[in-house]
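In Swiss-Prot this protein carries:
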type	residues	note
SIGNAL	1-16	signal peptide
TRANSMEM	17-36	transmembrane segment
BINDING	Tyr45, Cys66, Cys69, His70	heme binding site
TRANSMEM	299-319	transmembrane segment
Amino acid sequence: MRNVFRTARLTRSARAIVKTLLIAIATVTFYFTSDLALPQSAAAYPFWAQQTYPETPREPTGRIVCANCHLAAKVTEVEVPQSVLPDTVFKAIVKIPYDLSAQQVGADGSKVGLNVGAVLMLPEGFKIAPEDRISEELKEEIGDTAFQPYSEDKENVVIVGPLPGEQYQEIIFPVLSPNPATDKNIHFGKYSVHVGGNRGRGQVYPTGEKSNNSVYNASATGTITKIAKEEDADGNVKYLVNIQPESGDVVVDTVPLGPDLIVSEGQAVKTGDALTNNPNVGGFGQIDAEIVLQDSSRVKWMIAFVALVMLAQVMLVLKKKQVEKVQAAEMNF
């Protein structure tokens, strides 16, 4: 019997290892094929956060991890109801505004449009509404947007993207609220909602390498002796900037196609000086909101209380007028 349990445990461990390896291979393959072999438009890929931070996209400090790759800060907005009833579908609208005329560099260095992506962190128990609970009107508003849970056990954390920014500056999430009557882990009260939205490509890959959508800096102090343009076997163009220090060998900084060089041969530079402009026009923003899971019975009692107060006020007014009439009659008598 013990051997059977041991075998089952080993089988589960083996499956977990295989799954992890497959995810890693898929991630690495996608990275190289999408950005090198098949350059795409400037995109925002929220699933990088899934692969790099599988537990949660929010750090203990409150920062959403997308900011680790998208270094520029931009505005993100969210609209959620102030309160919702249990087991109801409502809209959470994430707005990712940017200048639609803006273009940035793609992986091949060409100017392309921006894509957008978003992560919506709902309270425990909240999740994307199943299709049979979404009204036809809401389906039209959502369009072809595909919603993906951050992980199998976190249906309340949802990611979307990449989507074409020209069409999706507003992303509508159809959210189903939980019902405390059927789930004892859920309680009525006020909850926090965390939202992150990014437009365009990041400046740093999850591996720590810079993308070509970033500023490149001098790695040594000295004089630029040569700037050469080179193309590798895969057709990727890059610039080689030779820096001659006062002593020692020449230092060669590689700049990919995309950012524009702002230095020239014969120019003196210091370590950290910018060799290129900043081509990035996108960025990431996050915002928090609050939502109340309202008890319908409390709402009914509140309505009854307000009605009672209003009735009492009406009765007082009528009584006051009655007293005034009696007083007037006594004075006339």
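Any Cβ shown, glycine's included, is placed from N, Cα and C.
Here the transmembrane segment (299-319) has long-range neighbours at 85, meaning same-chain residues at least 6 beyond its ends whose C-beta is under 8 angstroms from one of its own. For the binding-site residues given as Cys66, Cys69, the lowest number of other CB atoms within 10 Å of the residue's CB is seen at Cys69. In the shown protein chains, 27 other C-beta atoms lie within 10 A of the C-beta of His70 (heme binding site).
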